[in-house]
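Q: Here you go, one structure.
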There are 2 protein chains.
Amino acid sequence: GTRDYSPRQMAVREKVFDVIIRCFKRHGAEVIDTPVFELKETLTGKYGEDSKLIYDLKDQGGELLSLRYDLTVPFARYLAMNKLNNIKRYHIAKVYRRDNPAMTRGRYREFYQCDFDIAGNFDPMIPDAECLKIMCEILSSLQIGDFLVKVNDRRILDGMFAICGVPDSKFRTICSSVDKLDKMSWEEVKNEMVGEKGLAPEVADRIGDYVQQHGGVSLVEQLLQDPKLSQNKQALEGLRDLKLLFEYLTLFGIDDKISFDLSLARGLDYYTGVIYEAVLLQSPAQAGEEPLGVGSVAAGGRYDGLVGMFDPKGRKVPCVGLSIGVERIFSIVEQRLEALEEKVRTTETQVLVASAQKKLLEERLKLVSELWDAGIKAELLYRKNPKLLNQLQYCEEAGIPLVAIIGEQELKDGVIKLRSVTSREEVDIRREDLVEEIKRRTGQPLCIC
Amino acid sequence: GTRDYSPRQMAVREKVFDVIIRCFKRHGAEVIDTPVFELKETLTGKYGEDSKLIYDLKDQGGELLSLRYDLTVPFARYLAMNKLNNIKRYHIAKVYRRDNPAMTRGRYREFYQCDFDIAGNFDPMIPDAECLKIMCEILSSLQIGDFLVKVNDRRILDGMFAICGVPDSKFRTICSSVDKLDKMSWEEVKNEMVGEKGLAPEVADRIGDYVQQHGGVSLVEQLLQDPKLSQNKQALEGLRDLKLLFEYLTLFGIDDKISFDLSLARGLDYYTGVIYEAVLLQSPAQAGEEPLGVGSVAAGGRYDGLVGMFDPKGRKVPCVGLSIGVERIFSIVEQRLEALEEKVRTTETQVLVASAQKKLLEERLKLVSELWDAGIKAELLYRKNPKLLNQLQYCEEAGIPLVAIIGEQELKDGVIKLRSVTSREEVDIRREDLVEEIKRRTGQPLCIC
């Protein structure tokens, strides 16, 4: 259920994280960290049915602890505990779920989450729009294919359930049926609502008329004219906010990526307002390969009540955030690299310090040390008398672009032979110019101009 | 026993990690990651007395799991499981110990380790010397004060115990008494050996003659002449290797940082050869402040037998590595920053998009979006009509250097007023030149030349 990450996987991982972190920082986020375990009671009652998937620590004396299940609940606990009223932060860390890992492809019991959240009392929909902008920036930068962001609002869903005649007590369970519309047909979902959950068929049909709709801002405007829905206070608030959201998304130039989708419901209990989920429009896998399937790669929403659950006085801090589904993204990027048979470098070494003759270990050690001290990424083989061929092969395998070769003659002349691994060209460089030449050749900036 | 990390603490942490990671990469290391928990049996019998500090997970069905206690044992398990014969990798992650956190200052139940290890069959002491070079590079770069690296060898210790007359069965327990010489006087240590551990006083005295010595390569040479010690095969091997190590350290220009110290023993069971520990020579705290005390900030050694413990055929993979004591280093850096009353920026935002008049939210959103798309780190206040003063104050507090101010006049003229927060100077910049001007002013490289 868990796995090690090899250097190759870690190299992919670092590239993906780099794109994500650069985006989070571009939007002015701070970073926090919380412990891997929380008090068991902190996690209790936050995840609905999924609470059974929480890992508990053994009672070895002291408090009862559980491994974190996501990063949102620890974030809310952090805000309440530190009496913070506003913060914009990101948090990248692993979370733990006792899921059956074999059942779902690419799902593990330990996996990364990348969360960005904005907490604070602000004017409506400005932070919400920024969260969607961030999702679009990251998914575009990662170049994993075309995507669409489905948007809805919990208040619209609840208002719709109310006017369709769903009893209050069934809102959540009917909500989770609706959420299955991305995987099941309406007929199947209706059967679940009526057969398993005891909803009257005509109520289900009324829901069906709504949740099968999706579109842009024009659908929002149409529903604002809907005689029943517009009479429901909650739904009206949700629709007005969505209209404002679309205005901001247009200013951000991402309205074409967004679809108002009444079937989007999201599983978690704590959402209170706008919710969203990004899906890839087609598998990036090439024809003939096993398709990755279309699925969610990022999601989030507004949760204005969660911090209050941890505050002794119930003080509320409105929050909105997003989570990037990095594990799915890692798989997609890894699969793409494999398909392209692209070589992934797992080190950044610029130069291997080598020798052509025997008995030059001391000289190699001196030179590699000079290079390290000058900030050059350098290696040498841990052999007293390695063969030149072995040293060159090492470079080929590791993708090291340059070899600095020491020989008796070079030592006498005060030069180093610098060899390009790909072109096999060799040039004598004066030893005092070597550092600069390596920097020049490997594109390390010499100055900021 | 655990703690959250605030944005300020995380900013310090990121700077320290950055120094360490750059050094590890300079030395050609790959990176791997392993799960936070291991099978309980993997950790059993590796940590001696400290095994009682291991956190177990609750038995919820399935395998018995424990949180990792260090990164070395998971690394060895990883090598054996993947049948790897050589790798040079680093691993930065949190480890878990059920220690009494109140008892020792700055010690937590969850803390980071930063490990670098070289696995493989190589010529003697070349990787060992590189590990010491890395330790010196990192401690110098971090500028946390003068330091000294104590070096010894388990084979020298064992040989010494043998010739002094310590029974085989008491090697480990006498070794851990010797290890206390950095905190206790020789008299106290001798009392422990004789009183608690039942060693004959004359045997203890013979040990005392050795372990109170420390020095450079000359002490190695002197002991190579020691009639008794040089007759012990193990000790002789250790001394010869140390002599070679000193030669390499001289070539690396760090021999002045190294002290051969016969009292260095290190607690962990798995070391088999050279061992080392870096200590700060004086507290970096200023006079009048609570001193941090002198203590270990990095340590490591050679462990040639650990991988074999996980291999079904007992196949051995020699390893040598080091661990940077980052938690201590974080405390030192945080304390130094507090003493200097230095402001630590917790974001990297280059510019705040502001407006001088009301009703300009749409224009602010458009501009900030343009800047994000151009790779500029930019923020805006999440208010429809924020006061200019509040916007400027936000910059002061967050350390944002520039403000891009939009007003009715600027919109007409096609310019943006760019204000420097510290100098308060304002210049009109043509909108199409704004991105370049911000990059120029914030030192973001425009080209690599």
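Every residue gets a Cβ built from N, Cα and C, even glycine.
No curator has checked TrEMBL annotations; they are predicted automatically.
Annotations for this protein, taken from TrEMBL, read as follows:
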- A:1-333: domain 'Aminoacyl-transfer RNA synthetases class-II family profile' (DOMAIN)
- A:D70, A:L71, A:T72, A:R97, A:Q113, A:D117, A:R266, A:Y270, A:Y271: L-histidine binding site (BINDING)
- A:330-357: coiled coil (COILED)
Q: If I restrict to non-local contacts, at least six residues apart, and a C-beta distance under 8 angstroms, what lies near A:R266 (L-histidine binding site) in its own chain?
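A: Result: A:D179, A:I275, A:E277, A:A299, A:G301.
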Q: Just checking a number: largest C-alpha distance across A:D70, A:L71, A:T72, A:R97, A:Q113, A:D117, A:R266, A:Y270, A:Y271 for the L-histidine site, rounded to a whole Å.
A: 22
Q: Using a 10 Å radius around each Cβ and all protein chains in view, which of these binding-site residues has the most neighbours: A:T72, A:Q113?
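A: Of the binding-site residues A:T72, A:Q113, the most buried by Cβ count within 10 Å is A:T72.
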Q: Helix, strand or coil by DSSP: which one applies to A:Q113 (L-histidine binding site)?
A: strand
Q: Give, as a single whole number between 0 and 100, the mean pLDDT over the domain 'Aminoacyl-transfer RNA synthetases class-II family profile' (A:1-333).
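A: Computed over the domain 'Aminoacyl-transfer RNA synthetases class-II family profile' (A:1-333), the mean pLDDT is 92 on the 0 to 100 scale.
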Q: Tell me the coarse DSSP state (helix, strand, coil) of A:Y271 (L-histidine binding site).
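A: The three-state answer is coil.
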Q: Find, for the listed binding-site residues A:D70, A:Y271, the residue with the lowest Cβ contact count at a 10 Å cut-off, counting only other Cβ atoms.
A: A:D70
